[in-house]
Amino acid sequence: MTKLRPKAESQGDGGEGPDGGYGWVLVGALFVSTSLVFGLMRSLGIFFVEFVQYFDESAQAISWISSTGLAAQQFFSPLGAALCNAYDTRWVVMTGGCLAALGLILASQATCLVHLYLTMGVISGLGWGLVFTPMVATVMANFTRRRTLALGLAFSSIGLSSFAFNPLFQLLVELYTWRGALLILGGLSLNIVPCGALIGPQRRSKAPAKVVSESGVSCASFLQRASSYLELPLLFERPYITYTLAISLLNVGYFVPYFHLVAHSRQVGFSEYQAAFVMSAAGATDILGRIASGWFSDLGHFRLIHLLSVWTTLAGVFIMLLPVSSLSGSYAALMVISLLYGFCSGALTSLVFAVVPMIVGVERMMGALGLLQLIESGAGLLGAPLSGLLKDITGDYTASFMVAGGFVILGTLTMVTLPHYLSCKDPPPPKSLSPEDPDKGLHAELEQMHSSPNNRLPEDTYS
């Protein structure tokens, strides 16, 4: 076990190794799975209007459907990370794909909003939580120099799917009603299962068995191992907590345009397809933003945290300008601001995850991503309902977008308080908290288990 880390490092530093080969297959798997998680989630605004009309409920009540799904995805991310640390990532992701599909299929038979909260919200959200973080961590473990570019290419599927899904979902709703459309989306989500199957099979380490054997003697040993899988000691490290708070504030406003921009566009007088095309256009520039940002970030001219600050600030400003641009009834003005917002929101996405190993190190990346998603789940749960409440109070979405943009900018200001923020060079990432920790090689081992079949560790490593 002691030879695992040097091997992982030698591959990460080389020009070949993890920065190519089978890693690009995993990028393709992440490309598809993220389109069926966040690309689908972004396009649920099409169903927002249908739910308001069918259930005759307020915008705030309907907003809880999408917010519950987003919060559940983030809330259950640590569970997905812990299961991957203890068991096989492949089966965790495949199970998540089945749950995501099941929730949407059951949602097609809903008779009240509570059913939608439980199906589209909790069940599908649980499935998305088991898919997204493990897939992202798997790709990041297979790249070093091209990590941000790999994430940018994979996450470009979110913009591409947003561009395609909005008019597609509108067409499905018109042809089959919202029930038939959700049933079709459930079947579409099953494509996550083969994406999970592309992750290289791994043998279970002896760590889970050790948990069972020790738990009969001492509950403390079980809790210690659970803490190790979840990377709970990160919660006592200031840089990680500061960064997590910044991303949580960003998360309050980030998704508001994707939930309410369609409804806002229709409220100011644009047609259904014009409103849907606004989101599709934003999705197109989102693609360009992700790829361009990933390519430019990997050039190494600027620190990733500084680039992230620039993109978040611009995204917040353009969110605030979205309702202003449509006050005159100009569709062209709304389209221009939507295009700019789409580019900035796409540019910051891959950087949010690429900064994490800079703060905690690669070894603790899986757990750090899971905890990050868990903590920001509360912010995701707040965003859309708060936006809907402001709309119900004021009668339009102007205040909703202003507040959402303000939260995004507040997240940027929080990043400025990170240690060494003003430095031109990244500080060295911290090592494991305790050299005596028996699980210190677990995450280096995870990197190896997720590498290409040609680089997979020999079987006697786990014997």
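Every residue gets a Cβ built from N, Cα and C, even glycine.
Annotated features in TrEMBL:
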TRANSMEM  21-41  transmembrane segment
DOMAIN    23-423  domain 'Major facilitator superfamily (MFS) profile'
TRANSMEM  61-84  transmembrane segment
TRANSMEM  91-110  transmembrane segment
TRANSMEM  116-137  transmembrane segment
TRANSMEM  149-169  transmembrane segment
TRANSMEM  181-200  transmembrane segment
TRANSMEM  240-261  transmembrane segment
TRANSMEM  273-292  transmembrane segment
TRANSMEM  304-325  transmembrane segment
TRANSMEM  331-356  transmembrane segment
TRANSMEM  368-387  transmembrane segment
TRANSMEM  399-422  transmembrane segment
REGION    426-463  region 'Disordered'
COMPBIAS  437-448  compositional bias 'Basic and acidic residues'
Contact between the transmembrane segment (91-110) and the transmembrane segment (149-169) (at least 3 Cβ pairs under 8 Å, separation 6+): no
Overall pLDDT for the domain 'Major facilitator superfamily (MFS) profile' (23-423), taken as the rounded mean: 83
Segment proximity, the transmembrane segment (149-169) to the transmembrane segment (273-292), 3 or more C-beta pairs under 8 Å: yes
